[in-house]
Structure formats: C-alpha cells, structure tokens
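Novice: Before I ask anything, here is the structure I am working with.
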Amino acid sequence: MGSAFERVVRRVVQELDHGGEFIPVTSLQSSTGFQPYCLVVRKPSSSWFWKPRYKCVNLSIKDILEPDAAEPDVQRGRSFHFYDAMDGQIQGSVELAAPGQAKIAGGAAVSDSSSTSMNVYSLSVDPNTWQTLLHERHLRQPEHKVLQQLRSRGDNVYVVTEVLQTQKEVEVTRTHKREGSGRFSLPGATCLQGEGQGHLSQKKTVTIPSGSTLAFRVAQLVIDSDLDVLLFPDKKQRTFQPPATGHKRSTSEGAWPQLPSGLSMMRCLHNFLTDGVPAEGAFTEDFQGLRAEVETISKELELLDRELCQLLLEGLEGVLRDQLALRALEEALEQGQSLGPVEPLDGPAGAVLECLVLSSGMLVPELAIPVVYLLGALTMLSETQHKLLAEALESQTLLGPLELVGSLLEQSAPWQERSTMSLPPGLLGNSWGEGAPAWVLLDECGLELGEDTPHVCWEPQAQGRMCALYASLALLSGLSQEPH
C-alpha cells in the first residue's frame with residue numbers, strides 16, 4: 001500500500017484547490033515545517049518531466065529583517081469538513097471436473113477499505129500586510145549567514161503565504177484483505193480428497209497531528225538593495241541578482257568552467273539537455289520525450305570504462321540504502337558548481353563523489369551531469385523504492401521493471417487523464433501481487449493496482465514519480481550493462 005498521508009493530501013487538494021495554486025506536502029515528517037512567513041527554497045527539477053521540490057530553510061521572514069519583531073497576525077479561513085471512504089471487493093471461483101476423473105475447485109476474494117474524516121482550515125497572510133511590513137522594516141545587515149549561502153548557490157527563495165492545516169488529530173486507516181480456498185478429489189481404488197483455505201490481512205494506520213500542513217502557497221522574494229515580495233512569482237525573476245556581466249574567471253582543463261555564482265549545477269544540466277534548443281521545445285511531454293531525455297543523459301555514461309562504472313554502481317547501491325548519504329551527495333553536487341571544489345565525503349556518498357572529481361576536487365561535467373540527473377530522479381521516489389532499486393541493482397534484475405514502467409507510461413498517454421490498463425503477463429515476471437517488487441514500485445508511485453486480473457488504474461498525480469522511476473531504472477540499468 002502506498003503512503004496513506006500522501007493519499008489524504010491528494011484527495012484534499014483535489015477538492016479544495018481546483019486552480020492548482022497549492023503545493024502538496026509530500027511527507028508527514030516535513031508537514032510541520034511549512035508555516036506562514038517561513039522561508040523555503042525551490043529545488044529545481046533535474047527534468048522537464050517531474051516537478052521542483054520545496055525545502056524549508058529553518059528561517060522566518062523576521063529572521064532576515066530588522067528591527068526585530070514578531071510577524072503580523074495571520075487570517076484564519078473557514079473550516080471545511082472532509083470525508084473520504086473507499087470500500088471495494090472482488091471475488092471469483094472456478095471448478096474443473098470431468099466424469100469419473102479428478103475434480104479441482106477454488107475461490108478467492110480481495111477487498112480494500114479506507115476512511116478518513118477531518119476538518120481542514122486555511123491560515124493566510126493578508127496581501128496588504130506585505131506592503132506595511134516592507135515599509136516598516138528593512139533587510140538585516142550584515143546579511144544572514146543562511147541567505148549568504150543561498151546567494152552563493154543562486155537558489156531562489158520563497159515565503160509561505162497560505163497553508164491548509166488539520167484542525168484536530170486525524171487517524172487514517174487503510175485495510176487490504178485477501179482470502180482464498182480450494183478443494184480437490186481424486187477418484188480411484190482409494191479416494192483421495194483435500195481442501196484448504198487461508199487469508200492475509202494488512203492494515204496501515206497513520207496519525208496526522210493537529211496543525212499539520214497538508215498544502216501551501218508561496219510568494220517569491222527578490223533581494224537586491226532591499227527586499228521585495230512577488231505575490232505572483234515570475235519564472236524568469238531571480239531572488240538574487242547575478243553579478244555584473246563581463247566578469248571572467250579562469251578555468252582548468254577537464255573541470256567545470258568557473259561561472260559567476262547563480263549559474264547552478266541544475267541550470268548547467270538544463271543547458272546540457274537543451275543543447276541550444278529552446279527549453280519549451282526541447283522534448284515532447286510524453287513517453288517518447290521522456291525516453292529521448294533519458295537517452296541524451298545516458299550517452300555520457302556509455303563512454304565510461306567498466307572499472308569506473310563498477311565503482312560508481314557500488315557507491316550508488318550504498319547510497320540507495322542510506323537516506324542520509326543520498327542527501328549528503330545531493331548537497332555536495334549542488335554546491336560543487338557555485339562554490340568551487342567539493343569537500344570529500346565519507347561512506348557510500350564519498351565513493352560516488354570520488355568517481356566524479358579531479359584531484360583538485362573540481363567536478364568533471366561529463367560525469368557529474370548524469371549523476372545529478374539521476375539523483376534528481378531518486379529524490380522523487382520513496383525510501384521503500386530506493387531499497388527495491390538497490391536490491392534489483394544487486395541481483396541485476398533492473399530490465400524487467402524498466403520494461404514494465406516504460407510500457408505503462410506509453411499506454412497511459414495522455415497523462416493528464418485517468419485510465420485503466422491491463423498488464424501483459426510477459427511484463428510481470430514470476431510474481432505479481434501485494435509485496436512483489438514490481439507491485440510495490442508502482443504502488444509507491446500512487447497507482448491503484450489490481451491483482452486477480454492484473455491491471456493498473458492510472459492517476460495523473462502519479463506522472464512525476466513514474467517518470468522519475470523510469471529514469472532511475474534506465475540509468476542504473478545502463479550503467480550495469482557491458483559495453484557494446
């Protein structure tokens with residue numbers, strides 16, 4: 001079963017935000033961090049096919065302004081009662097018999113049920129508050145250390161302006177049951193008969209605390225000589241203005257060009273993907289476009305010698321099993337472009353990083369860009385999916401899931417519409433059902449799955465994770481292949 005918290009968030013946002021202005025919170029752990037006036041950074045996406053992520057920086061707007069004072073009060077909107085229930089059952093039976101011969105009969109039933117009842121309300125900052133706030137206060141000097149770091153990396157910074165929160169503690173329960181029975185008889189001199197039955201029940205309960213944020217809206221900060229707040233963010237506007245043009249810095253052979261701060265690793269990746277083609281027309285927004293994007297990235301990996309590939313794979317397998325190592329590696333690569341040489345890391349993250357840098361500590365673009373893309377895809381996936389990818393990498397069974405995910409992405413077009421697809425037996429391998437690796441990989445993406453008659457119910461919200469899963473499988477599989 002997929003994340004119960006994410007399912008609740010998805011249902012609430014569908015009902016209360018038809019304009020698509022709210023950003024869903026993706027984990028219960030981070031749900032308390034998104035509060036009005038809190039500052040967040042927008043982590044650029046490594047692909048056109050999944051959305052950027054927002055990350056709290058543990059600062060409030062008051063931390064970067066002076067004179068020091070509490071934030072103005074927020075407005076509380078009216079409460080909405082949300083109730084969502086699902087109860088479904090599929091059952092069937094079969095009997096095979098011939099006169100005077102063996103008889104075999106069996107039956108099975110599968111049921112799913114869940115229910116959620118909660119009150120949700122909004123907290124928002126009055127738009128007029130920003131004008132008053134910026135008139136009465138100004139940027140703190142010297143600039144806050146965290147802002148200095150974000151400036152050096154060229155990150156865009158936003159402030160949370162509105163949130164949807166739970167009014168009381170909510171318990172979400174989802175149950176999945178399977179039952180089966182069978183009997184047989186073998187006539188003859190000695191009649192042999194037998195029967196059996198069994199059941200399996202899974203129950204997942206998640207408690208969402210009172211005041212948990214389910215979704216939020218943001219405004220963009222623009223920091224120059226003073227602070228401005230853009231209530232309608234402009235994709236072309238940067239929080240920190242780049243240095244004056246004409247500034248040149250030296251480069252070293254095989255290393256990243258030392259570009260002015262503000263040209264982040266992710267922007268270098270996008271430049272690499274487009275290769276002179278306008279961003280809007282780089283790739284079509286369908287499976288063919290996704291496959292073309294992944295192939296563009298993987299071309300660099302095909303040139304690596306087997307020894308380096310093996311070292312990289314061993315490090316990546318370790319990173320997939322260690323969430324802290326994954327975050328440390330992502331952070332190091334993000335800083336590597338704008339801050340110069342990267343600091344060495346320990347453990348599996350360090351093993352991967354050693355494959356991507358020169359002795360000077362500078363990143364090698366031909367190696368770093370594909371890994372940055374891969375990490376961007378991996379961060380879209382859950383910890384459970386990471387562990388399954390590590391196991392598939394170890395057992396060299398990546399191709400089966402890759403073909404299955406690719407087939408589903410191709411069949412489900414257009415991705416913006418719900419649909420139901422049958423699964424060809426040839427793509428399912430030896431097992432399909434609750435707990436099977438392929439089942440769990442898809443279930444964690446937010447898809448509804450059918451077992452007895454294998455099928456998938458496509459949900460538009462699953463697009464980002466499914467595309468990221470395909471990219472992860474394709475790149476890991478490509479690294480694992482022997483050179484042609």
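Note: Cβ is positioned from N, Cα and C throughout, glycine not excepted.
Small disclaimer: the values here were computed from a predicted structure and weren't measured.
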Novice: Swiss-Prot tags one of 114-120, 191-197, 240-246 as transmembrane segment - which one?
Specialist: 191-197
Novice: Among 85-90, 103-108, 301-306, find the range that Swiss-Prot records as transmembrane segment.
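Specialist: Based on what Swiss-Prot states, transmembrane segment spans 103-108.
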Novice: Which of the listed positions, Cys38, Cys268, does Swiss-Prot note as S-(2-succinyl)cysteine?
Specialist: Cys268
Novice: Where Swiss-Prot marks S-(2-succinyl)cysteine, which residue is it, choosing among Cys309, Cys445?
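Specialist: Swiss-Prot annotates S-(2-succinyl)cysteine at Cys309; the rest carry no such entry.
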Novice: By the record in Swiss-Prot, which of Cys56, Cys355 is the one labelled S-(2-succinyl)cysteine?
Specialist: Cys56
Novice: Say a student had to find the phosphotyrosine annotation in Swiss-Prot: which of Tyr37, Tyr54, Tyr373 would be the correct pick?
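Specialist: Checked Swiss-Prot: the phosphotyrosine annotation sits on Tyr37.
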Novice: Counting distance between Cα atoms, which of the modified residues Tyr37, Cys56, Tyr158, Cys467 is nearest Cys309 (S-(2-succinyl)cysteine)?
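Specialist: Of all the candidates listed, Cys467 is nearest in space.
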Novice: Do any residues at least six apart in sequence from Cys56 (S-(2-succinyl)cysteine), in the same chain, have a Cβ closer than 8 Å to its Cβ, and if so which, in order?
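Specialist: Listed in sequence order: Ser30, Gly33, Phe34, Cys38, Leu39, Val40.
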Novice: Report the member of Tyr37, Tyr158 (the modified residues) whose C-beta atom has the most other C-beta atoms within 10 angstroms.
Specialist: Tyr158
Novice: Do you know the mean pLDDT across the region 'Linker helix loop' (277-296)?
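Specialist: Averaged over the region 'Linker helix loop' (277-296), per-residue pLDDT gives 75.
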Novice: Where does Tyr37 (phosphotyrosine) sit in DSSP terms: helix, strand, or coil?
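Specialist: Note: Tyr37 (phosphotyrosine) is coil by DSSP, not helix or strand.
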